[in-house]
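**Student:** Pulled from TrEMBL, these are the listed features:
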BINDING   A:ASP98, A:GLN99, A:THR100, A:ARG128, A:GLN142, A:ASP146, A:ARG298, A:TYR302, A:TYR303  L-histidine binding site
DOMAIN    A:29-368  domain 'Aminoacyl-transfer RNA synthetases class-II family profile'
There are 2 protein chains.
Amino acid sequence: MAKADKINFSTPSGFPEFLPGEKRLELYLLDTIRRVFESYGFTPIETPAVERLEVLQAKGNQGDNIIYGINPILPPNRQAEKDKAGETGAEARALKFDQTVPLAAYIARHLNELTFPFARYQMDVVFRGERAKDGRYRQFRQCDIDVVARRELSLLYDAQMPAIISEIFEAVNIGDFLIRINNRKILTGFFKSVGIEERKIKPCIGIIDTLEKIGETKVKQDLEKEGILGDQTQKIIEFINIKGTVDEVLDKLRYLAQTISEAQEFITGVTELETVIAGVRNLGVPENRFCIDLSIARGLDYYTGTVYETILLGHEALGSICSGGRYEELVGVFLDEKMPGVGISIGLTRLISRLLKAGILNSLASTPAQVMVVNLQNDLMPVYLNVSQKLRQAGINVITSFEQRPLGKQFQQAEKQGIQFCVIIGSEEAAAQKSSLKDLKTREQVEVPMENLAEEIKRRIGSSPFGEIKSQK
Amino acid sequence: MAKADKINFSTPSGFPEFLPGEKRLELYLLDTIRRVFESYGFTPIETPAVERLEVLQAKGNQGDNIIYGINPILPPNRQAEKDKAGETGAEARALKFDQTVPLAAYIARHLNELTFPFARYQMDVVFRGERAKDGRYRQFRQCDIDVVARRELSLLYDAQMPAIISEIFEAVNIGDFLIRINNRKILTGFFKSVGIEERKIKPCIGIIDTLEKIGETKVKQDLEKEGILGDQTQKIIEFINIKGTVDEVLDKLRYLAQTISEAQEFITGVTELETVIAGVRNLGVPENRFCIDLSIARGLDYYTGTVYETILLGHEALGSICSGGRYEELVGVFLDEKMPGVGISIGLTRLISRLLKAGILNSLASTPAQVMVVNLQNDLMPVYLNVSQKLRQAGINVITSFEQRPLGKQFQQAEKQGIQFCVIIGSEEAAAQKSSLKDLKTREQVEVPMENLAEEIKRRIGSSPFGEIKSQK
């Protein structure tokens, strides 16, 4: 019962927390993502949650983001320190709102200690003062990888990204997905070729990027507002609607490359895209998992070449579940050096909440325990503890039931937490070095010699450490 | 080169960050700790970094901790929103400074969705405005477990804690450690029996707790200042200096229980301790890993029964590397209900920095990649990509070298990152479906048919996924 006239102990708006079964789902996804990232040699880093404010604002602006500044609150017995040096006199600091600015700062801070190309992953939480609404959180976890070079960065790094995305989403079994690949130089080049002025190109790309959200009619109006002529708009719309297999689209692009005027940048983009696609194929990404989509632009100015988005087929309304691209200018605000890079990001917290809501994933059991050793009689506790330890040593997660309660209650307790197996040992079994193994799902109960118990349970659990995960695609 | 007249991109004081090899060490330790926690059925939770200030201050005071409040900083284009509702009008919020208050809030928030006894682990970062000095950070990771019940909580949960501590520190191979166990009721009971007034007992326990830091002479002086008489002090000092094997100390305690006056609480404490020790033994904790130490008190008022500390033998100056105890009053500030619990905590960030400094642990290789597939000639890239993918599918972490550089440079690049194996394939090898496997440690090079490559590498890596970890005990 909550206390009367009491503290409001709810989480602050926009700072939700998971129940154990949901948190376990998040850990399962994090483990899977990490395994794939590491298999390509990406190494973990974690930058502090707090950076100097000037670092976070280094890119001229913080976009539309509200940053959270931090300020020390002294305990009552230390109010006298208010004016002293140290914590209270410290510089302006704030919570990071993405992983990109901190990555740039990390590289600047450790330039001579890192090996380039520097391939890192980072899966921390970031903070944004968004209005809290459906699926928008003020604290959320982003899983990012980037590979950054000090001079040239091979396009094969771009080709690895779809392979990584594909492996992750295959592994977590969330249904059919499609990675859409494009190249910003193709878009920019095409816009130039139809006579659009340099300064209008970025705004136009921004408009194209909204196509799926606002529809073709609205895109046409927005382009008109930018001063794009009707026949230019027509050509652009036709262009970004080019459809077909990867090879068909590449053929059309090669044909256009020979026919359009001022095609230099366009040709560079097409060549880059061909190289990336060849790499993606050599890496064995299944053909049905990727396509070329000329309407993909990624809003940010930041991207200069390859761009990616990933959609869940049948659930397109969820938006892109993994996006990214190639850029040229990461550390420029901190160092006198250009560093090209390519990266992707999964907004994990938001993704999980949407997948749970859509019923595509379910939360896991509320405990990692796979077995409960029940308590039939307190004087057998040494046996229960010993059996529990043997099972743990065999890699099985075990809860020993310490309270002596009716067996049915103990089974209920196990079932409520999603534990499938109970081990039951009475004095006769203990004397005969036997046990009864009850499967709470099938209600089946078998007698197993204690020495075979771990093996028998492992056989029944199967190979997956998350045997209980359910996907409904 | 850092830019002139530029942003200070260093981390804020007290907010350090790890290099990749150190972060990998942290992940290795986190994985190990999590595996042990989960093997006992502890389930993960993660509370937000940000809580309402009134929640964080609910326990009357925040101790000596400086809490960090958060306040939104609007971007320049949204200054007009300053006075609007939503983010800017929000309640006072701050960053959590431990995992205990948030655990209490979590239980209050989800009371009807959790199963009790509720056994959870939490390994997030917390924030304190400490003066940044040796080993004290303003952001650090704590690995906590607690099990909390709504009524009674069996003492066997107390017995599990040393088993868990022991398994963790055995697994991470940091040398000999000793878990010191005591019971606050024994201390309190003994103090009562020598005639110390109730109100002086907590301060006295606080003084006893400093014994190792300040020495016996100073402890005597401090007790005298509290108004403790000379012969009382003498008895206390003799008592907390009782040494011997676990059984010897238990014998002495049983003897005292029969001889001292007003022994009721003392006897309860001894009985609890006996139960816990029996459980610890039944759980198979090696005898040399634990002892009874009557001088262990744990400063906090909070603890009411079993208390633990863990020291690294030969490195006692590091202080306790894992501590905790039994308490009765977790959620009282939020709910009209008593909930007994028992928990332990590892201050991981501080521990790692101290173990690294003391040379007890070393950082790992700077990449998780175990193999580099080198680039002898660009036209064989499809082969390199294919071989890399086959190795990854076999569970090996691989970097493919995309830049065509002299072989020696590529080996250097691999070695610099701690990669032990290089796969070398020229056109002849490719045609014959062979490869050369070079061990950069032994400089040995062997020819391996491509189809056996994964198997051969796995055999050489050995079973540990962190084969490169070095411990110097």
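Note: Cβ is positioned from N, Cα and C throughout, glycine not excepted.
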**Student:** Roughly where does the domain 'Aminoacyl-transfer RNA synthetases class-II family profile' (A:29-368) sit in mean pLDDT, to the nearest integer?
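**Tutor:** Across the residues of the domain 'Aminoacyl-transfer RNA synthetases class-II family profile' (A:29-368) the model's pLDDT averages 91 on the 0 to 100 scale.
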**Student:** Check the binding-site residues A:ASP98, A:TYR303 for other C-beta atoms within 10 angstroms of each C-beta and report the one with the most.
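**Tutor:** Compared across A:ASP98, A:TYR303, the most Cβ atoms within 10 Å surround A:TYR303.
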**Student:** State the count of C-beta atoms found within 10 angstroms of the C-beta of A:THR100 (L-histidine binding site), not counting that atom itself.
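**Tutor:** Looking across every protein chain shown, the total is 22.
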**Student:** Residues with Cβ closer than 8 Å to the Cβ of A:GLN142 (L-histidine binding site), same chain and 6+ apart in sequence?
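**Tutor:** A:ASP98, A:GLN99, A:GLN122, A:MET123, A:ASP124, A:VAL125, A:VAL126, A:SER345, A:ILE346, A:GLY347, A:LEU348 - these are the non-local Cβ neighbours of A:GLN142 (L-histidine binding site), listed in sequence order.
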**Student:** Determine the Cβ neighbour count for A:ARG298 (L-histidine binding site): the number of other Cβ atoms within 10 Å of its Cβ.
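**Tutor:** Its Cβ has 20 other Cβ atoms within 10 Å.
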**Student:** Sort A:THR100 (L-histidine binding site) into helix, strand or coil using the DSSP assignment.
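**Tutor:** DSSP assigns A:THR100 (L-histidine binding site) to helix.
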